[in-house]
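Novice: Copied straight from TrEMBL:
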| type | residues | note |
| --- | --- | --- |
| DOMAIN | 26-343 | domain 'Aminotransferase class V' |
| MOD_RES | Lys198 | N6-(pyridoxal phosphate)lysine |
| BINDING | Arg350 | substrate binding site |
Amino acid sequence: MSSQPEHPALLMPGPTEFDDAVLQSMSHHSESHIGPDFLATFGETLTQIRKLFQSTDPAAQPFVISGSGTLGWDLVSANLVEAGENALVLSTGYFGEGFADCLSTYGANVTRIDGPIGGRPQLPEIEAALSDKKYKILTVTHVDTSTGVLSDLKSLTAMVRKVSPETLVIVDGVCSVGCEELAFDEWGLDGVVSAGQKAIGCPPGLSISFFSGRAMQVFDSRKTPPSSYFGSLKKWRPIMQNYENRKPSYFATPSPQLIHALHTALTQILARPLAERFQKHAEVSDKVKEAVRELGLEIVATKPEDQAHALTAFYLPEGVAISDILPKLENRKVIFAGGLHKAIASKCIRFGHMGVSALDPNRNHIDHGLQSLRAALAECGYQKPRTRDS
Ligand SMILES: Cc1ncc(COP(=O)(O)O)c(C=O)c1O
């Protein structure tokens, strides 16, 4: 149960619902961002980020910077690529397209490989592209929130290491960190950019990223300065290192209240084995997907191995409009999200099942979401197609 005032269950694929302790930790008196108490909280938070990414590499560098998830794309584009260098972007939806757009904005020479809608680009095609041209970085969206497609980072990274060992593998983990398996060192990743407001369960406003020692070396060997001021890793790295060493320093004022929320959320996440957290998200996701199929509806991510555990994006039945069903769900105190990927935006809705909504059975969010979905569809006039045995 939650002690929060009654409100509709926010079952969008982010922002997600808060745990009470996370919410309460933001109600913290104002404090100096360079005072000893806050240095300890922020320093510990950065060390927790290493654990969240299952990394023990002391040369890897965590960054927590005020901004939304999109800031992660800017960090990569302004620091790890120089104008005119080649970037290969694997896209599984709206957010892959956005990452490509951001890289181009900073002058990278971008090649995009798009998966089919509801699928992901396949390894032979990616391998052919990497063999054809030298790429400084490859980016991949772990979970594209517009389609619910999951990418297989482990096999992808193993292939990149074989075919083009120098190419940095950078992951958009905004909708995966905290709910999908992600073994940074073991898989040999070079960077993950994420945010607090999805499976981590914090309010929006924090860009959370993690770069390997190798990526930081590539950054150090730039010929030109970083092409952003606020987003310069040159400015932020000493600040992050100082916080982790409890030393006061300043580049731009952090938000102590958001850092308190993140610290509380990470303390809760790390109190249990990460594998257990990923498994629970997978079980909830399976349950939602089963119920959606049972209703006779089609999931956007077609193959089971491509289906994310963070959310379920599914097509609405013929004749049921998004503008019709979302208010009916909201009347039942459930908030889902409409479509986002331009090719299917008017045809699908998205049910987010991350964080406390997936993990705390006392909230009853998942069953309530599914019951409300059934009732709202019926109210829209939808009847499940009859099978031969029904
Ligand atoms: C996969 C992915 N990448 C990037 C972003 C951008 O994050 P933000 O909206 O916090 O800027 C989102 C937001 O939903 C996302 O889902």
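Even glycines carry a Cβ here, placed using N, Cα and C.
Automated prediction, rather than curation, is the source of TrEMBL annotations.
Worth saying up front: this structure is predicted, and the values here are computed from it rather than measured.
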Novice: C-alpha of the residue listed as 'substrate binding site' to C-alpha of Lys198 (N6-(pyridoxal phosphate)lysine): distance in Å?
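Specialist: The Cα atom of the residue listed as 'substrate binding site' is 14 Å away from the Cα atom of Lys198 (N6-(pyridoxal phosphate)lysine).
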Novice: Between Lys198, Arg350, which of the recorded positions has the fewest other CB atoms within 10 angstroms in the structure shown?
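Specialist: Candidates: the recorded positions Lys198, Arg350. Fewest Cβ atoms within 10 Å: Arg350.
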Novice: Can you give the mean pLDDT for the domain 'Aminotransferase class V' (26-343), rounded to a whole number?
Specialist: 98
